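Engineer: Below, the features straight out of TrEMBL:
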- 1-26: region 'Disordered' (REGION)
- 313-406: domain 'Transglutaminase-like' (DOMAIN)
- C321: active site (ACT_SITE)
- H380: active site (ACT_SITE)
- D403: active site (ACT_SITE)
- N443, D445, E492, E497: Ca(2+) binding site (BINDING)
Amino acid sequence: ISETMSTNEENKLPLNGRRAIPPNYSNDEENEVPEMEAFGLIPRGFNPRDYLRVVDIYMFKDPHEINKQEHHTDKYYNPKLIVRRGQAFQIQIEFNRPYKPETDQFWVEFLMGRYPQQNKGTYIPILVGNVLKPGQWGAKIIHRENNSIRLSIMSSPTCIIGKFRLYVAVLTPFGILRSRRNSATDTYILFNPWCQLDAVYLDDEKEREEYVLNDVGVVFHGNVEDVKSRSWSYGQFEENVLDACLFLMDKAELELSGRGNPIKICRVASAVINSRDEDGVIAGSWNNMYDYGVAPSAWTGSVDILLEYYSSKQPVRYGQCWVFAGVFNTFLRCLGIPARLITNYSSAHDNNANLRLDFFLDDEGKVDTRLTKDSIWNYHCWNEAWMTRPDLPVGFGGWQVVDATPQETSDGMYRCGPASVQAIKHGHVCFQFDAPFVYAEVNGDVFYTRMEKNGTQVVENIDTTRIGQLIVTKEVGGDGMMDITEEYKFREGSDEERLALETAVMYGVKKQSIQDTTYQPQTDVDMDFQAQKAVLGNDFKVTITFRNKSRNSYTATTYLSGNIVFYTGVTKREFKKHSFSAKLEPSSSNSFDIVIKSSEYMSDLLEQASFHFFVTARINETGKILAVQKAVVLEIPTLRIKTKGELVAGKETSVIVEFTNPLKQTLENITLRLEGPGLLRTIKKQFGRIPMNSTLTWEVKFTPMRPGSRRLIASLNSDALRHVYGELNVQIQKP
């Protein structure tokens, strides 16, 4: 069998001196494969009809048939055969006469791309043998009847993934006869977490069901004191999503021969999912202006975004971190790489990865927004993908951080990962890729520094526990929250934590030591700040409490600054200033309440209803400064979803979405979205206005196609109110 199938066209291509064959990174392009590949001159009397000839190939590709059932691919809404690598599948070949093993010789060929080559894994000839060996390509006959034979084909657990073209080739004395090109026999080969020899093998069935087969998930947002959650539809099995995901690898120009390696796939995908380089999938926007696009908070899932990108080839507007992470999760699960969406609360966005976030204070102890460049995100979402890391020492496989939100460049592109979670926990940040950046996101210290008139910096306060306080993901098999902080870091203050930090510093994470800054904090007075749970549109109060543990009387000049912020911790504007003098009696506690009125914040409120309070207090007697900061997120009202009548597969039913406007103002320009993976594609509806205290009702008729438990997810977006969600779990009965 020839190593490269040569075509005339190939010989005319302009070649550069370095490679004999042009780059091969399109899974969609094809080469012409001759139906008769002659060995030389063909004698005049040669008639191909005298030889064994393929009449038909049957792929067992329906969802209920053996291949899709055994390979866990029966949920894909795709008519072609989809199998997972390293596991046997069956096809049946019908010839024009009974097959005679003594004289007939045939083999099966899988081809990918325009320049198939055996040594690149894009041209795979499979000879028929007597046994299947795990770990390599092979085929054996398992059944013969009349003119048909049934083959069991084993793929290699390291083969490239994507869409292959299938041919059956028959040897004749004068040349090779091939079956016709037939796109119905195209075969998708995906990663296989069920196969022990695959790099993405995951040994727990419940985890495989969650991290590969679950098509809905939960995104945790809000902040540490007030964790909020919403559903996200991953929809990795919906129509055309698999092709869209393969297109992303073409778009990222990943060589076909590299597509068996999950490390490479994750790395290029983390760059192509954001639009900062080479027009990737989603354009990020963090400025609350979403003209000519969809507000990030309005999306309910990944399918609309991926399919819009697949058809337009233009970045889809707009996304923020959970949107990038949601789409990335769909991509990974769709290809068969186990993946989960992670939320890191109080995530450090440090502009120079030095484990130190600097908040500069002016003379009065207020934060100077001009000098302060670092920010703390209320939360930041990224993904973890599960794989072995043969490129690293033993022990760093398992969950890897990958992040598609464009924050910093890595090797010249906006991408991040894969970085081993285990390496981050132990401070071994020397191991590729981007571990120091992720280490800083979960481990920074917050420095409050005052600039003296002569330019010297005085460190007034250091908070070592604020960053990466809580790291969570959705629990396996439920919608609750699983705390995975300990996967990323040892307990605050433990010996192991210190050691991991010293290791990270040794490997080049910059950390300024306290010694080079004079720092003597006020230790005998504690200051605490609490905010009352509040619903959007209402007044609420905040409380500052001092505890004077000393025998001295102190007075504290206290300054409260309330800011409306993006969830990234970047301030939009200060809406509340309040200062007072507090008398602190010896060995006692004092509390001071401050009321925040809705009229003070409503006009400028951003979509995540997020505030950030800075409180600084100067102890007049000692000149020392106490500082505390806290994020406060308001409760946003939810959508109600109800179903009418019973839900039976194949029978029309209707669902009702309701929303009551709780604000002291009319809502305008409302868009509702509703979707449910496996139930209905996204439906959108526009409404002009909802007066205060009025209720909007929207009824949608649809016909569920398959029985089983499903989830409906809805979102509401308007000028004054965003991040309004609702969801409903439904059980579709068998007809």
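Numbers here mean position along the shown chain, with the first residue as 1.
Glycine is no exception: its Cβ is also placed from the backbone N, Cα and C atoms.
Context for these features, please: burial, neighbours, distances.
Structural biologist: Each residue of the domain 'Transglutaminase-like' (313-406) gets a DSSP state, and the totals for helix, strand and coil are 15 helix, 41 strand, 38 coil.
Applying an 8 A CB threshold to same-chain residues 6+ apart, the list for C321 (active site) reads W377, Y379, H380, C381, W382, T405.
Taking Cβ-Cβ distances under 8 Å and a sequence separation of 6 or more, the neighbours of D403 (active site) in its chain are S270, F324, A325, W382, N383, C416, G417, V438.
Listed in sequence order, A348, L355, I467, G468, K489, L501, A504 are the same-chain residues six or more apart from N443 (Ca(2+) binding site) with CB atoms under 8 A from its CB.
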Engineer: For each of the binding-site residues (D445, E492, E497), count the other CB atoms lying within 10 A of its CB, then report the residue with the highest count.
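Structural biologist: In terms of Cβ crowding, the pick is D445.
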Engineer: Using the CB centroid of N443, D445, E492, E497 as the Ca(2+) site centre, which other residues of the same chain sit with their CB within 8 A?
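Structural biologist: Output for this site, in sequence order: T464, T465, I467, G468, K489, L501.
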Engineer: Tally every other Cβ atom lying within 10 Å of the Cβ atom of H380 (active site).
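Structural biologist: Its Cβ has 27 other Cβ atoms within 10 Å.
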